[in-house]
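J.: Submitted below is the structure of interest, expressed as structure tokens.
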């Protein structure tokens, strides 16, 4: 079994060695320009077109949970990968726990009004504030995939009312499910904290805009853990300035790194991190990839395959 590996920043030698330990019958090599030798599987992140074009691969694994970048490249260069070759994304591989940590800590930060107390500290004001109640702090998750389910699971322990919105009905314990555009308004009207975990598709670009934000309760919060292109940043800032939104926590942006001139840097009710909410953890990624390849070789059912038509 031949496996080729390409990632512009990962330590390729470490990955090659770890993969060969996990798959003793495989030969793994780092792909370099000019390498046209046969391969059965490819592990990639932002691969050049020529790496995959013309290859008769059994499968391609994208070294991350998001597949929007490679799907965009495939649309622009259909010769890059035959439509019959399955494409897999990393399914959890430690990202679920990271998302749970990030989302739960931020919801609790807002719930306990730590943002307000920080603002009071900056003014040297000693002023206890009224508490929020859990009943008035409903959390709504848009994007009900693997990571959305993990986030909902982590928040259940804290007793917040939970709801999710997605393309298909979910039956998660303790979570109210909303489906499609026709149920979006009802979902938003009672959502105090909106957590975005949507995939990046043509249908979801710019979805967090003034029309959507206006349907949230006054004083709501937005937590974006998915993609920056989901948010119309000017609309978000306007909602913060008007008081419609009380705060926003952003891990992703339409342009990364975020330009120095962006007003998001200076807005007092915007907190941010540099796209670190859930990163690829090599050991867990290798465990998932090696297990999935073994299942594919045995003809067993697998999970994590990308639906190219849907975009995730």
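Note that Cβ sites are derived from N, Cα and C of the backbone, with glycine treated the same way.
According to Swiss-Prot, the record shows the following:
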| type | residues | note |
| --- | --- | --- |
| ACT_SITE | 227 | active site |
| ACT_SITE | 275 | active site, proton donor |
J.: Minimum Cβ neighbour count within 10 Å among the active-site residues 227, 275: which residue?
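T.: Relative to the other active-site residues in 227, 275, 275 has the fewest Cβ atoms within 10 Å.
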J.: Whole-number answer please: how many Å between the C-alpha atoms of residue 227 (active site) and residue 275 (active site, proton donor)?
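T.: Their Cα atoms are separated by 9 Å.
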